[in-house]
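Some notes on the structure that comes next.
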């Protein structure tokens, strides 16, 4: 088919357009000739619509802004078609990191560089150029642009390590490679800029030069100089690296350290310190050190080249010795590991060879020649102990022995002396015999049977019974040795086979029954057994058959499965044909099982009936019903009945407990404010019309205040502040002498007892209540005093009718068996116990006769204070504090100084006064003091000699009082008493008459007449060191800061007051009892003789609490 000419022309035109048509052209606008990599083109060359150009080359580290634009792309379609073409570049430096390296003009296609290039960071840039129309579509094929960064020598070599470490053996051959060092250069590889050259800068030690360095590879080799570790163990090299093939430039040069350690080789032969060695061992010793072999080696310490290796050359064929190396000291330790006997060998000679643990170096291997080292060991003879020739012996006995064999000798276990080989003098005892089969003769070691052997005993293991025996030598030091006796028991056939489980239960669907027997005898008198079923009752052997038999058991099978219980008799014989006389019976129950849960319980009909116990109880109940009418016949009926006879004296016998004292009586308390002659009233807390007295200064706790009398509670105890009465003021204090008001009633707890300090007029109105209160207070104080010397055996108690808490030690502890309680107060218990005394004595008691007997002189003391409280007429309350100086002479005892004054009945009252706020100083350890503390106490009383007949107590009778006593102690605070240290004691007595009589000094009791007045004493005592004054009161051993309470009570009845009791005029009564308690003082001191041995400068407190017919002085620490 012929083609048309028009188509041929169209094809030709298309070819022409393809060859001549527009394309994207790249033009490199500038190049550098010095690179010699890119040829210079005077014009663009077209190859099939694409411009092929060489890559662009730019040098690093230069300012390239003067060379912009470095490239340009252009499309011919812009002129041919008149299109608006925009150009774009992508790639590293523009759209990929690092950004901002290049910028382009989208209209002209020019590419500019904006920063200095770094080849080490980016050695090559690959960009892609695009020609885009207005819609962003490519109008030309994208064109690649390669930009290479040319390198410059801007980096120096850097070592990979600051310190290189290597090693080489000593005695190494020349040119031995030691190690290789390495450095890197960041410039372009395989160029002159990155070619590194190495060099050794220095070497320590510098001479001789033992290493050289390959400058191109960095390898270090040894020279021909021989390395010796014993001379230099290490070397240090300083090396440097330069690029440019070692060209010297002004760039800094990096250096590194190279440390080379010389390795040790076994090139030294060990040397022994001593050529001949000796040692000594005791016989019969083992694991003891004999000697040490000292070795020297010049090789590296601790290495195998240094450690010595010892071997026996000769003499140790018996294996007596062992040698090992001490890794710390490199010494050979020779140890005896096998006992030697002096009698057999007295000397041991052997030799050893010394080498190293590591093999010798080839350089000295031919020079080493082993030399034996002789060692001589002497055996020391010692006194040996005892021993058994054999530590274990065997004795054979039979189980068939009868009782006559007990005590039979079955063997002996003799110990021998190792030195002489003769039997030793020793004692033999059993160490272990669990079933006490034997006895051992302690002298001859003979072993006797103490119990018949039993093969079946649980202590027999495999037919052997074990006993251990200890032999103790008689010589000193004693030595012991232990031996073992094995008693082999010969078994006899004395046991027959028996069933292990004679009662069994199986389910009806079980095929077999396992029947097992046992025999306590051993082989051959036990298994295997023979089993046979005895046909009793007939047919049993057919019903139960033996299906399979083992050594000691059989499997029994039932021919007919039938529920119920069966008793199957067996004949079981042992291996010797011996069987038990009685047949072995197996009680077997075959039952129906429910799903494997066991047999179903058999159903039985329930039966309810009375048992024998129920019938017996019914008969017993019937008999009891018959017995009740018989008991009713014995009761009294009608007139014959009698009532209960009351027990006489039930009111006295059934004493109402927890009720102390008589019931209180309600009485009206009259006014206690008398009017004096001047019309002034006595205040509620004081006494009017008191004379002014000077106040005593010092450390005393007693304050004398003008016109005032009061009590206050300070620091847990009572302190009294009062003033002196003088002149006519005492005439208006009332018939009973009461100077305390009703509002000053307080409880003093310093003595440990409850004391009611009510006024004397209140006692006159409620006499019975006050009497009982005083009585129980005295008794409680006495019991408390005794309790302080004993450990408390009960706790503090509070009774229901007490006004305050109980004492420190309860009055329940009033009877200590081991104590020394003075029970003489039972001699006179007062009127309250008169009825009880008459009942006990069976006779009437005359009270007046008893009082007349009491008026006779007596020397023994009692506690009868409450029984005479009805006669109280004057109450004086005072409390003074004495401060002692630094030291005083040691006083005499109180009994010796005042024995003549105690001529009548003496009543002792004790109290304890404490002052908690005052710190108690620790007494100094002075055994004796150089001075004394003297306190003088004297009482003078007078009264009418007419026997009184009645008791009259009333407030209208004038009376006189004891007002005060003063004590001056030598102390630093008593500066206002210049005569306090003169060493004198002054006692001043004043008498105040009821009708205004003045007070005159008295010389003694001989001036007092039997007139109706009461002497009031004002005494001034000076506590001062005085050798000429006889003390009447010795102070206890007290320390600084402690207190001593002195209590004085004085009663003197006035003639105008009728009294039922009389104190004779010619007698003077003073009683003192001192109780010392506190640190360093155990308790009461007898005979009132208290000496001061501790530190002085103490405080003494004197207080008067109430008036009795006696005088009591009390001392106590606080």
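Glycine is treated like the rest: Cβ placed from N, Cα and C.
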Response to the item:
Among 585-609, 610-634, 635-659, Swiss-Prot marks as transmembrane the stretch 610-634
Response to the item:
From the set 553, 723, 869, Swiss-Prot tags as phosphoserine just 723
Fill in: Position flagged as phosphoserine [Swiss-Prot], chosen from 754, 806, 944
806
Worksheet item: If you check Swiss-Prot, which of 371, 922 turns up marked as phosphothreonine?
Response: 922
Worksheet entry | From 1017-1067, 1068-1118, the residue range that Swiss-Prot assigns the feature region 'Disordered' | 1068-1118
